[in-house]
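Q: Provided herewith is a single structure, encoded as structure tokens, for subsequent inquiry.
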Amino acid sequence: MAFQSKKLINDPNDVVTEFIEGLIETYPGLQYLDGFPEVKVVLRADVSGEKYDKVAVISGGGSGHEPAHAGFVGEGMLTAAICGDVFTSPNVDSIVAGIRAVTGPMGCLLIVKNYTGDRLNFGLAAEQAKSEGYKVEMVIVGDDCALPPPRGIAGRRGLAGTILVHKVAGAAAACGLPLADVAAEAKRASEMVGTMGVALSVCTLPGQVTSDRLGPGKMELGLGIHGEPGAAVADLQPVDVVVSHVLKEILSSETNYVPITRGSRVVLLINGLGATPLMELMIIAGKAVPGLQLEHGLAVDRVYTGSLMTSLDMAGFSISVMKADQAILDRLDAPTKAPNWPVGADGNRPPAKIPVPLPPPHSIQSDKTLSRPEKLISLGHILEAAIEAAATELVNLRDNLNEWDSKVGDGDCGSTMFRGAVAILEDMKKYYPLNDPAETVNEIGSSIRRVMGGTSGILYDIFCKAAYAKLKADSELVITALHWADALEAAIAAVSKYGGARAGYRTLLDALIPALSALKERLSAGDNPVDAFVISAEAAVAGAESTKHMQAQAGRSTYIPGDVLASIPDPGAMAAAAWYRAAALAIKEKCSTA
């Protein structure tokens, strides 16, 4: 029976900000950015981004997993942690603020747990920071071993093994290694660790009722860290049996999730999920070590036990096993002042909070840049015609896109694209610096970011940001058709990197990838650039139509039966093909009448 939970809180909407305030009072080596409630960033008090001479290591995600991630900020571990609302990915502005606050000339590494929201928000923030001149790399951790190998792009979830990756990366950065080396060590560590969780209860979100999903005498195997259902529900068993099952799943040779075989050296992490007494965690540790040694023939070099990545008040635990060599052990043994590794921090108490940093001066656009030119040059007229045609086509296509999406998705693709298109048409009249292609593309992304929600909005924002960065790099040159092709290629690569989709996954990329291929082929053959653009637009349309014959591997369409998908093209791909073709035809008409 569900009942109202008892919580020592004030307003449920303030739990994260009040947690951060208490954390900073407890550990004087930490600060937070004065941007509540939108910006919730905890950072080292001894680091200033402009002067910091080492790689900054930044992580974060939804709150509710305390002490992760803010409790692992400190010398030798994280430089900053970005805190979202409970079980909600932090917003892009918070992540960018954190990057600006602690990143110096050596750059920063983002360590991200493999959840779609975190990947997209941290990915867009990375592109934003790169466009401002920062060096940024990102490592995605997916250490979940509970579920069978996933279909599509979802991948394995990021769980408590991420903390070990934090420590390895933080120690590498503290040694003064360059960004590429720190990222390489973090990536290698992420590939060495596997995790599985077990729950005896579900968690309760602040201000909500406690679910009765798990009845008495039951346990849930293979759950995530957000209270989502696990792989299976079973009768509660003695801890010896449960631990043995978990270790077998992590070390399974069938899934081969971790490269651990008999004779390997390993590190063991026993993690409480929030409401598990230390006594029980120590019992689990006491059973796991001999299990690894006797049943699996492994040498256990280190054991870490405690509640490190929790799920609010969930009763349960997770086990992480990491393959270790001397290099990894040296990183794990390196000193750290992160309060919950656990090491207490000392030193003088600095101010509790500091201002949210602004973008660097060289990236702040002037009023002139952010306004429509009084007089358009030829390129400006062409760009205006292309943007207007593309946006107008999406406005006209709203009902068709919604109809397709109602059969294979959630029915709002047309409305979402419509909002973005209308904003683009309105903003172009006032703000777009149409004589500057790179800045115009950047402003299109800003329009999209302001009004378009959901996955499509952030993907198109990433698309524009990556294209802008590529065009900006060629800003001292005359922008040619080849430069536009390179920008399209960079944009597609960014969408694929952060969204996870590739050709054949039944997404907008199935329109844009064929278009890019045709465009580069025709330009290499010496075709007139306008003709090459039109030909590539036809390839985009054909690619979008071909999605009828694809099995969905991304988005809500993955839940739709194949026979339904076979009669409906992917709405996102059709939208991409439509605006691309409209822009090409508008440019052709404009150039023919010039």
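Every residue gets a Cβ built from N, Cα and C, even glycine.
For reference, TrEMBL lists these features for the protein:
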ACT_SITE  H226  active site, tele-hemiaminal-histidine intermediate
BINDING   G62, S63, G64, H65, K113, D118  substrate binding site
DOMAIN    11-341  domain 'DhaK'
DOMAIN    381-585  domain 'DhaL'
Q: Report the largest Cα to Cα distance, in Å and rounded to a whole number, among the residues G62, S63, G64, H65, K113, D118 that the record lists as binding substrate.
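A: Max span of the substrate binding residues, Cα based, is 15 Å.
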Q: Across all chains shown, how many C-beta atoms besides its own are within 10 angstroms of the C-beta of H65 (substrate binding site)?
A: 28
Q: Across the domain 'DhaK' (11-341), what does the mean pLDDT come to, as a whole number?
A: 94
Q: Pop the Cα-Cα gap between the residue listed as 'active site, tele-hemiaminal-histidine intermediate' and D118 (substrate binding site) into the table, whole Å please.
A: 13
Q: Count the other Cβ atoms sitting within 10 Å of the Cβ of G62 (substrate binding site), across every protein chain shown.
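A: Its Cβ shell of radius 10 Å holds 21 other Cβ atoms.
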Q: Tell me the Cα distance separating the residue listed as 'active site, tele-hemiaminal-histidine intermediate' from S63 (substrate binding site), rounded to the nearest angstrom.
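A: Distance between the two Cα atoms comes out at 10 Å.
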Q: Same-chain residues six or more away whose CB lies under 8 A from the CB of G64 (substrate binding site)?
A: V86, F87, C203, L205, H226, T310, S311, L312
Q: Counting other Cβ atoms within 10 Å of each residue's Cβ, which of the recorded positions K113, H226 comes out lowest?
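A: Checked K113, H226; of these recorded positions, fewest Cβ neighbours within 10 Å: H226.
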Q: Show, in sequence order, which residues other than G62, S63, G64, H65, K113, D118 on the same chain lie with their Cβ within 8 Å of the centre of the Cβ atoms of the substrate site.
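A: Other same-chain residues near the substrate site: G60, G61, A68, H69, G84, F87, T88, S89, I225, H226.
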Q: At a 10 Å cut-off from the C-beta of D118 (substrate binding site), count the other C-beta atoms across all protein chains.
A: 25
